[in-house]
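Quick look at what TrEMBL annotates:
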type    : residues            : note
DOMAIN  : 1-118               : domain 'Peptidase M12A'
BINDING : His26, His30, His36 : Zn(2+) binding site
Amino acid sequence: MIGKQGGKQELSVTTGWQNPVGSAIHKLLHSCGMFHEHSCPVRDKYVVVRRNGDCNYKKLKSSNVKRYSKYDFESIMHYPLTLCMDVKPGVKKPNSKIGFYFYFCLSTHRSTCKIKQG
């Protein structure tokens, strides 16, 4: 769940992830109200998503999102590239690995989508 849903918040962190610390931080940021970077309305300029029906890849409406910086492939809130998602043709692929399995990017707090309070 995204953000506080009322009452006690339980987080599920399991073993077996490539980066268990990154995974735990990713989950904690969800509990603080942050969404996936690849769900932002501007994502179609940067990535091709092939699982639009999956809630983890759902694109958010621009009327509900406030961006604080450019699209961030290295955000801990970005999933790695897979068969479900790839860099859009014509977009320069980042030199680094993409997604929370590898990095905790210090710009995450500025670059992830935030739903407006209201």
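Quick reminder: no glycine exception, Cβ is built from N, Cα and C everywhere.
All annotation found in TrEMBL is predicted automatically rather than curated by experts.
Note that the structure is a prediction, hence the values are computed from the model and not measured.
The DSSP secondary structure for His36 (Zn(2+) binding site) is coil. Counting Cβ atoms from all protein chains shown, His30 (Zn(2+) binding site) has 16 others lying within 10 Å of its own Cβ.
Annotation note: His30 (Zn(2+) binding site) sits in a helical segment as assigned by DSSP.
For His26 (Zn(2+) binding site), the Cβ neighbour count at a 10 Å cut-off comes to 24, with all displayed protein chains included. Note on the domain 'Peptidase M12A' (1-118): mean pLDDT across this stretch is 75.
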